[in-house]
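Per TrEMBL, the features are:
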{"type": "SIGNAL", "residues": "1-20", "note": "signal peptide"}
{"type": "DOMAIN", "residues": "27-127", "note": "domain 'Ig-like'"}
{"type": "DOMAIN", "residues": "134-220", "note": "domain 'Ig-like'"}
{"type": "DOMAIN", "residues": "243-328", "note": "domain 'Ig-like'"}
{"type": "DOMAIN", "residues": "341-437", "note": "domain 'Ig-like'"}
{"type": "DOMAIN", "residues": "452-543", "note": "domain 'Ig-like'"}
{"type": "DOMAIN", "residues": "550-638", "note": "domain 'Ig-like'"}
{"type": "DOMAIN", "residues": "649-750", "note": "domain 'Fibronectin type-III'"}
{"type": "DOMAIN", "residues": "750-926", "note": "domain 'MAM'"}
Amino acid sequence: MDLIICVWGLLTLVAEGVRCQGVYAPPTVRIIHSGHACNVEEERYTERVYTIREGETLELTCLVTGHPRPQIRWTKTAGSMSDRFQDSSVFNETLHIAKILRTQGGRYYCKAENGLGSPAIKSIRVDVYYLDEPVVTVHQSIGEAKEQFYYERTVFLRCVANSNPPVRYSWHRGREVLTQGSDKGVEIYEPFFTQQGETKILKLKNLRPQDYANYSCIASVRNVCGIPDRSVIFTLTNRTASPSIKLLVEDPIVVNPSQTVSLVCITTGGEPPPVLTWGSSNDSLPQRSVVNGGTLTLPAITSEEAGAYSCVASNNVGNPAKKSTTIVVRALKKGRFWITPDPYHNDDNIQIGREVKISCQVEATPPEELTFSWLKNGRALRSSERMVITQTDPDISPGTTNLDIIDLKFTDFGTYTCVAALKGGGIPEISIDVNISSTTVPPLFFSFLVPPNLTVPRGKSPLVAREGDTVELECLVSGKPKPIILWSRADKEAPMPDGSMQMESYDGVLRIVNVSREMTGSYRCQTSQYNGFNVKPREAVVELIVQYPPTVEPVFMEMRQGLGRPVVMTCRVLRAHPSRVLRFEWLLSNRLLHAGAFDAQRDETEYTVRNLNRDGLGEYTCNVINEAGAGKCTFLVTGKAYPPEFYYDTYNPVWQNKPRTYSFKLQWTQMNPNAVDRIVAYRLGFRQMGLERWWVQEIPVDGPINKGELMSHNLTDLIKPESYEVRLTPITRFGEGNSTIRIVRYSGEFHCSFEDEPICMFTQDKNDDFDWTRHSAATRDTKYTPNTGPSVDRTGSKQGFYMYIETSRPRKEGDQARLVSPFFNVAPKNPYSISNPPAYCFGFFYHMYGKHIGTLNAFLKQKGQTSSEGPVWSLNGNQGDHWKQAKVSIHPTSSFQVVLEGIRGPGIEGDIAIDDVTLEEGECRDPPTNLSSKVLFRSSHIWLLCVTLVMTLLEGQR
């Protein structure tokens with residue numbers, strides 16, 4: 001019979017031709033980037049490296065092919081555990097992260113699957129560049145000379161800045177650049193790394209009057225990604241001193257919940273005057289806390305706000321002064337019990353004549369105030385020969401009491417209650433009921449060897465060259481045999497010109513082609529390991545000085561400004577060699593505006609347009625010129641408005657009650673709306689993908705637009721299932737601004753798997769008895785009710801999330817929890833005149849496992865109705881420890897919501913879970929039921945033959 005069916009299928013294929021050829025295809029994936037990347041390295045192994053500056057917008061697009069349309073999911077590793085994508089990004093082709101943070105760097109994966117073959121996965125690594133403001137701290141030491149005639153006072157200035165890539169530092173005293181050897185009283189140490197970042201130290205030996213001055217530290221990442229240098233100034237005086245403070249409170253402070261607590265901290269010394277800050281062991285202060293100078297007030301304190309609070313005084317001199325106190329909030333929480341032997345996990349039941357131990361544990365704050373009492377069937381129980389009560393047990397966890405029942409008898413069956421309380425009252429007791437029933441490494445040739453010797457030829461150090469020249473660094477080497485010379489950087493941990501940390505030379509010459517300014521510095525030549533002599537390697541140092549034109553900032557800057565407003569452009573010299581700058585010149589589109597000699601007292605030149613008009617718009621260039629060439633700052637002055645930024649799609653789909661059309665709600669915000677003239681309108685253009693004609697309309701704007709203000713516009717009468725290219729352009733009196741383009745695609749399905757906190761805009765019904773809980777099996781604690789609830793989410797992952805109802809105390813039988821979807825718009829003109837209401841397929845996965853399972857209902861709630869009719873789907877009782885799918889067709893006549901209601905059963909083993917909620921247009925299509933899995937298994941070899949024959953036929957028709 002199977003063979004007959006197979007032959008019939010083949011004949012059908014031949015009759016139909018090859019219309020279906022190529023329809024079904026497994027997914028493929030390619031990742032592309034958009035936006036202004038600093039650098040993109042091409043495919044390397046299985047990834048690309050995409051460099052971006054912190055605060056910029058990251059956009060990665062996952063291009064997929066395959067049919068059926070693959071489902072797309074973005075995931076990430078090697079980043080902060082707290083990272084969460086925007087809700088719309090996880091399952092979209094484009095991953096959009098606005099104002100990316102350093103912690104969001106890492107490897108991003110796009111996974112596409114459609115059920116055919118293996119999922120397609122591609123990755124791209126994102127490297128986020130940044131430079132923080134440097135911080136200068138001052139430390140001093142005082143040493144007494146042997147003659148005791150004077151004191152030697154030494155001061156260390158430390159400069160530290162976090163950065164990616166590594167930072168470079170320079171020290172200044174006033175406008176004087178400090179370098180090693182430029183001042184006998186100054187030493188500059190090589191940078192070293194600390195937990196705070198790379199640190200540069202300036203040492204002032206035996207302080208002199210001229211040492212009391214303003215010191216500035218400049219941190220630079222060499223303008224990578226357009227990141228400018230950052231600087232900080234510290235004023236050193238003869239009164240500079242580290243801070244000291246006093247805390248006017250007790251330690252610890254024990255309070256009851258809802259009390260108001262005030263902590264007072266005062267400064268007792270320090271110059272410059274210290275700044276007081278408060279911190280806590282919880283990383284941040286409570287939201288309701290109030291800080292007024294040195295006073296911290298915590299109104300109506302809660303248990304979550306308990307912990308250590310610290311007052312810190314800092315003036316960047318010495319170490320910050322810190323004083324701490326601990327606030328203890330009295331509380332009882334997390335009561336639990338266990339029985340030995342455990343009838344839930346052991347094979348043996350509790351038996352008559354055995355010893356049974358009931359252990360009760362709670363968390364108490366403070367623990368020394370904890371007391372316990374025991375009840376049997378509601379009556380007080382005292383310790384006896386057979387009923388042994390142990391209040392504290394050194395062999396178990398703190399906060400635990402035991403009740404040992406020796407030689408269990410029938411008369412001992414009953415309900416035992418453990419009651420925990422705190423001395424002095426004020427905190428509600430915790431009661432826990434427990435039921436006991438009948439049913440838990442060559443030889444050395446010294447005579448032939450001559451030790452090595454290494455020298456630098458006269459006049460070869462320092463060596464001066466122009467940027468772009470070819471230079472040769474030379475060291476003379478002798479010895480028998482003649483050793484190989486290893487070259488490396490002597491002044492910093494930096495690679496050699498070829499990218500390696502060391503370069504070999506057999507003649508002692510290091511040749512550098514196209515030398516750059518970054519290659520300025522000290523180079524060490526060193527003998528390699530010398531066979532035959534266990535001697536220290538010989539080494540020498542060659543200084544290389546590379547002359548180059550001035551380095552200026554900014555290299556390029558776009559300046560957007562409204563007409564009639566002033567524009568100030570500043571070109572700053574960061575470094576140059578020779579450092580003597582000759583002159584500067586300002587130009588607008590090659591027309592000279594202003595020129596002159598550079599002021600030796602300043603490191604910048606400025607040009608101002610006092611009243612911007614249309615003739616003043618264009619590209620301004622500032623050339624700063626020295627003997628080696630010119631450095632150029634470029635400013636593009638424009639009145640164009642910034643582009644709008646499309647917001648992620650709403651979770652509220654708009655379906656029209658027309659057979660071939662749909663609507664799409666565009667949402668956007670305006671980037672920097674106040675940077676230029678007021679936006680008076682938006683020009684909206686859209687066209688169907690594959691066609692050339694654009695439909696254009698203007699969207700007027702009433703009044704100024706605020707930063708971050710969300711605007712919207714409905715696109716209507718879009719043809720199903722076509723996609724559209726949408727272009728949105730802001731308009732000011734200057735004219736059109738920058739446009740933003742996106743693709744609108746039709747989707748007839750809503751899907752939510754509860755993987756993110758907003759839970760797809762589902763809400764909790766305010767009129768029910770309790771709430772649904774979002775959780776994952778990896779974090780959910782099932783020690784209280786181990787025989788209920790799912791151990792994985794619907795996809796089989798312990799890390800995946802789902803929603804469930806927690807039926808443990810204080811829930812009681814019949815309590816209801818309702819989860820309400822967002823509104824879905826049918827949008828008919830007259831809902832009461834619909835003769836054939838539209839159909840939708842509402843589906844979800846459910847898990848109903850436990851002996852106390854209650855009821856799970858699904859309701860349709862239409863707009864305008866005061867109450868829901870009866871459930872459109874309902875199920876109660878234990879359905880086993882696995883996920884099942886439910887689907888039901890609904891026919892709403894107006895905007896509607898779907899409601900999932902969980903009802904608590906008779907006991908605590910009644911947790912109900914739901915996952916992967918979907919809503920699709922059209923009636924539900926049930927899977928075929930005429931073939932059982934057993935029959936399919938038995939006939940698999942026949943169907944494999946069919947597939948082989950089909951593929952052979954298709955191949956023959958190519």
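One-based numbering along the chain as shown.
Every residue, even glycine, has its Cβ placed from backbone N, Cα and C.
Taking pairs at least six residues apart, the domain 'Ig-like' (452-543) and the domain 'Ig-like' (341-437) share fewer than three Cβ pairs below 8 Å and do not count as touching. When averaged over the domain 'Ig-like' (550-638), pLDDT in the model lands at 89. The stretch with the most CB contacts under 8 Å to the domain 'Ig-like' (550-638), chosen from 134-220, 243-328, 341-437, is 134-220. Note on the domain 'Ig-like' (341-437): DSSP counts are 6 helix, 46 strand, 45 coil. Here the domain 'Ig-like' (452-543) is broken down by DSSP into helix, strand and coil counts: 3 helix, 41 strand, 48 coil. In the domain 'Fibronectin type-III' (649-750), the DSSP tally of helix, strand and coil residues is 0 helix, 52 strand, 50 coil.
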